[in-house]
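Annotated features, as they stand in Swiss-Prot:
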BINDING   Lys141, Glu178, Phe179, Asp187, Arg211, Ser212, Asn213  ATP binding site
BINDING   Asp248, Glu260  Mg(2+) 1 binding site
BINDING   Asp248, Glu260  Mn(2+) 1 binding site
BINDING   Glu260, Asn262  Mg(2+) 2 binding site
BINDING   Glu260, Asn262  Mn(2+) 2 binding site
DOMAIN    104-287  domain 'ATP-grasp'
Amino acid sequence: MKIAILSRNRRLYSTRRLVEACTQRGHEVRVIDILKCYIDIASASPAIWYMGEKLEGFDAVIPRIGASVTHYGLAVIRQFEMMGVYCLTESIALGRSRDKLRALQLLSRKGIGLPKTSFAYNVYDARELIKLVGGTPLVLKLCEGTQGKGIVLAETQKAAESVIEAFRELRAEFLVQEFIKEANGSDVRCFVVGDKVVASMERTAQDGEFRSNLHRGGTAKVTKLSPTERRTAIKAAQTMGLKVAGVDLLRSSRGPLVMEVNSSPGLEGIESATGKDIAGLIVAYMEENAKPVTTTRAGKG
């Protein structure tokens with residue numbers, strides 16, 4: 001197959017591993033910076049141009065779209081879809097997962113376990129938001145944050161009210177969520193490919209930190225999932241319509257709770273912790289499922 005990897009940095013671990021996996025399995029692969037693409041929107045022959053070259057003949061696309069360029073990345077993916085190219089991550093699925101509020105609404109509708117969450121545009125009484133999630137301590141999350149950025153732990157009522165007021169003054173959209181004490185600073189990353197969890201790891205925050213993201217100094221080790229955790233991760237990915245996803249769970253007294261469904265999960269942490277060839281599993285999935293698409297088909301999920 002001729003495969004395009006949409007990535008702004010070919011030196012990133014995940015991009016390098018996907019290139020290696022494609023090459024080792026005999027595919028032609030190119031890394032394309034989406035910000036250097038420009039789109040020819042025409043009903044007869046939609047096209048994408050890249051640094052003066054018309055992109056043609058691709059069988060499949062692997063989007064690795066950073067959060068900061070989601071809007072333009074979605075436009076490029078949609079254009080590939082209009083051209084009939086198979087996209088591992090569909091535009092609809094990517095858009096759902098990047099909108100944290102929409103993602104939680106979809107997961108809630110499917111009956112998937114979630115932390116108690118409240119959201120508002122302009123609440124004059126912060127105490128009402130706090131009451132909805134069961135009081136303090138609680139977690140406040142900017143809707144646009146990634147990799148643990150834009151997340152604050154408020155341990156007291158006064159602290160929570162102050163942060164809510166600050167976010168409101170900035171006109172920032174944010175979520176208020178209950179703090180799951182029994183998770184003890186750990187979460188579980190489930191890596192889903194297709195309809196299977198192919199790897200899982202437990203991430204633990206460093207001392208003095210409540211966010212377990214590896215980008216923030218957290219550590220990771222292999223963990224065994226319960227059948228319920230496995231089913232929850234798969235159902236969460238399918239709800240978003242994602243064929244490849246990193247589903248983050250908290251282990252709580254009422255069962256697994258989904259924190260986030262990541263549409264562009266990093267490979268370095270999960271491959272290092274588990275020793276598995278995740279990049280190879282992703283390419284193998286594409287080999288079995290990549291088929292030309294039509295512009296009339298609806299996104300899954």
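Quick reminder: no glycine exception, Cβ is built from N, Cα and C everywhere.
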(message) Roughly how many Å lie between the Cα atoms of Asp248 (Mg(2+) 1 binding site) and Lys141 (ATP binding site), rounded to a whole value?
(response) 15
(request) Determine, to the nearest whole angstrom, how far the Cα atom of Lys141 (ATP binding site) is from the Cα atom of Asn262 (Mg(2+) 2 binding site). (result) 15
(request) With Glu260 (Mg(2+) 1 binding site) as the reference Cα, tell me which of the binding-site residues Glu178, Phe179, Asp187 is the closest one. (result) Asp187
(request) Check Asp187 (ATP binding site) against DSSP and tell me helix, strand or coil, would you? (result) strand
(request) Going by DSSP, give the three-state secondary structure for Phe179 (ATP binding site). (result) coil
(request) Please state whether DSSP places Glu260 (Mg(2+) 1 binding site) in a helix, a strand or coil. (result) strand
